[in-house]
Amino acid sequence: MAQFTRVSRSVGLITLQNPPVNALSAVTRQGIVDAVKSALGDPKVKSVVICGQNGIFCGGADIKEFGTNITGPPLVPMIHAIEASNKPVVAAIEGSAFGGGLELALGCHYRVAHSKAKLGLTEVTLGLLPAAGGTQRLPRLIGVPAALNLITTGRHVTAAEALQLGIVDQVTDHNTVDEAVKFALSVAGKSLDARRISTYPCPRPSDVDALFEEVMQKVRQSARGAIAPIACVQAVRAAATLPYSQGMEREQELMATLFTSGQARALQYCFFAQRAVGRWSMPSGARWDTSKPRSIRKAAVIGLGTMGRGIAVALAQAGLSVVAVETQEKQFTEAKKMVSGMMERGAKRRGTAPPLDKITYSQNIQAVADVDLVIEAVFEDMALKEKVFQQLSTICKQGTFLCTNTSALDVDHLASQTRNPELVVGMHFFAPAHVMKLLEVVYGPRSSPQAVATAMQLGKKMGKVSVAVGNCRGFVGNRMLKPYLEQALFLLEEGATPELVDGALEEFGFALGVFKMSDLSGLDVGWKIRKGDGLVEPGLASGPSARIRQGRRYSPLGDLLCEQGRFGQKTGQGWYRYDKPGSRVARYDPWLHSFLEEYRTQHGIVARRMDQQEVLERCLYALINEGFRILEDGIAAGPEDIDIIYVFGYSWPRHRGGPMFYASMVGLAKVLKRLEHYHQAHPDIPYMQPCNLLRRLVASGSPPVHKWKEAIKKLRSQL
Ligand SMILES: CCCCCCCCCCCCC[C@H](O)CC(=O)SCCNC(=O)CCNC(=O)[C@H](O)C(C)(C)COP(=O)(O)OP(=O)(O)OC[C@H]1O[C@@H](n2cnc3c(N)ncnc32)[C@H](O)[C@@H]1OP(=O)(O)O
């Protein structure tokens with residue numbers, strides 16, 4: 001709702017009251033309409049201030065209404081009525097003014113913002129465009145190039161930048177509403193002719209066509225198949241080329257297309273899923289709201305390889321005191337230099353001082369004696385990690401949480417090396433750890449709820465999206481990656497090329513296809529893991545048994561490349577050719593293609609033609625099938641956890657909502673049918689055998705994704 005009061009005798013104060021973010025729900029819109037009517041009808045009111053309660057102006061339209069039958073007064077006429085008012089209306093912006101919230105402020109005649117406020121037309125991140133006049137008013141106010149930048153990216157601007165751009169008229173460090181009231185008093189009675197943005201001519205760039213052509217090309221490239229950024233450009237083009245009323249019609253038309261699109265549903269699902277993963281639960285019944293985290297002020301990182309360095313930087317940037325331990329002399333010296341460089345570059349980007357004094361370095365593990373939490377990031381080797389955990393258990397003060405950054409190893413086994421296994425959890429960061437947003441917090445059967453709560457809270461403090469998951473080989477992300485990578489290799493054996501597979505995946509929306517990604521990460525990483533698992537047999541053995549390992553189909557293609565020293569970008573050769581070691585542009589490699597042909601001949605495989613659909617179905621459905629197994633095993637609490645891990649950690653295109661959401665959009669029955677088809681064709685690939693949970697969900701009528709958790713609970717109780 002919205003409340004109308006009169007302050008300072010002649011200022012009508014309208015306060016949006018819809019916790020937690022004053023979203024413009026039907027009731028709130030009705031409240032605003034009524035309050036504006038009261039303010040304009042009150043002869044004692046000479047000017048008006050609109051603000052939001054609890055330190056936030058407005059988080060925009062109520063996203064929860066979007067999937068429903070929208071009732072209540074529409075936003076566009078409501079904002080027009082405010083703009084048309086003959087009494088000056090001032091927006092008092094504290095906290096956030098996003099989406100429809102900023103559009104409401106743009107309908108006001110003046111805007112006063114607190115210095116800490118953030119503003120943005122964020123709709124594009126939800127698969128929409130600013131459809132309450134934002135695409136028409138913003139370019140009129142700040143010019144086409146700046147408006148395009150804000151609207152196509154949805155980026156948040158600070159109050160200082162908003163002032164510089166001309167979005168706000170005044171920035172204050174004091175009480176924003178008090179300042180806005182003063183401002184409203186000062187402009188009472190003044191002409192509003194020059195204050196109604198919709199009446200401004202849109203500044204027309206000299207060569208409109210060339211400008212929009214160039215922008216459209218850039219946007220298409222970075223959008224990776226997302227349609228909203230493109231519609232945003234089209235709407236701003238309408239502002240630059242059409243009168244306001246026709247521009248508004250175009251805005252509404254484009255919005256109507258986006259509004260019902262699968263992409264908007266996917267992006268809005270991601271918005272809520274990102275928040276839902278914070279409300280974690282464990283199979284034991286422990287939950288986020290009943291588990292109290294402990295505050296961590298001092299942490300240690302053991303091992304300063306690539307991961308350890310990134311983790312140390314992320315901890316220091318979050319304001320923690322960090323003890324960084326590396327026992328090997330060469331690595332120690334190199335890491336100190338690298339970590340300082342990373343912090344300096346980060347600080348330069350943010351315009352802050354680098355937190356260099358937050359980190360102390362040591363070559364002695366005893367230096368961690370007084371820390372509250374340790375993150376072990378030594379080489380991925382169980383024997384080595386066992387030793388570190390045994391040492392930590394005796395060195396650290398009572399109650400220190402011991403975390404491992406392992407990407408696949410058994411967290412519970414490591415816990416068993418310590419005196420207090422309840423203090424042990426996995427904190428699986430993604431490289432580069434100071435940049436990537438995802439953190440998997442892995443609990444073992446003995447991890448205490450407090451240890452999980454503490455790791456989750458620390459992740460949040462480090463700016464990560466943290467997801468709590470159970471303990472199994474590869475946890476959620478890497479466990480699902482295995483069948484995906486495996487399918488890609490099988491496709492090559494059967495006749496595909498790296499270009500075909502990557503092309504299909506990139507068209508789907510991945511930033512990099514699976515082979516380019518493997519070249520970037522380094523092919524030797526997986527090789528080492530497969531060696532550890534006893535899967536690698538050197539040489540190019542012939543016959544079908546060469547492609548069966550441990551009773552299932554196996555492709556030695558990756559091993560054979562590694563035997564040739566082709567480790568990917570870092571060696572200048574992998575699935576592609578690079579101009580020199582470390583170069584990033586993947587080029588067609590004739591050697592690789594002859595190698596594949598020779599391989600097929602040697603193994604008696606007749607290459608067949610395959611299309612992008614088969615590539616997508618086999619790679620993605622194998623991965624999704626494993627996602628269902630993860631849900632079945634209770635390793636992830638719900639589909640949202642899996643989807644957020646994939647969107648934030650594995651560059652799954654956000655506008656497709658994550659693998660489990662995607663499966664629900666494709667239709668569970670179809671996914672099941674295609675998996676059955678591929679399993680029949682390839683009975684030696686266990687990953688293609690449809691998971692029981694998928695079968696049972698289909699049998700129960702394929703509930704929508706937001707009902708899976710409940711459905712899984714019900715199915716479990718029937719067993
Ligand atoms: C067939 C023909 C159809 C024709 C077309 C129909 C047209 C319909 C009319 C459309 C008019 C367009 C209007 C406008 O252009 C569209 C929009 O405004 S879209 C919304 C834009 N807003 C945003 O993108 C902001 C989203 N929110 C945030 O970024 C953050 O929440 C915040 C505001 C910065 C606050 O951050 P925090 O303090 O960290 O808090 P949380 O993020 O955890 O949020 C707390 C809580 O609030 C819920 N929430 C947040 N924003 C909204 C919202 N806009 N609507 C509903 N709910 C919101 C959030 O989910 C949290 O709750 P929880 O999920 O944890 O329960």
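Every residue gets a Cβ built from N, Cα and C, even glycine.
In TrEMBL this protein carries:
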DOMAIN    298-471  domain '3-hydroxyacyl-CoA dehydrogenase NAD binding'
DOMAIN    474-578  domain '3-hydroxyacyl-CoA dehydrogenase C-terminal'
DOMAIN    615-703  domain '3-hydroxyacyl-CoA dehydrogenase C-terminal'
By DSSP, how many residues in the domain '3-hydroxyacyl-CoA dehydrogenase C-terminal' (474-578) are helix, how many strand, and how many coil? 61 helix, 7 strand, 37 coil
Taking DSSP helix as H, G and I and strand as E and B, the domain '3-hydroxyacyl-CoA dehydrogenase C-terminal' (615-703) has 65 helix, 0 strand, 24 coil
Over the domain '3-hydroxyacyl-CoA dehydrogenase NAD binding' (298-471), what is the model's mean pLDDT? 96
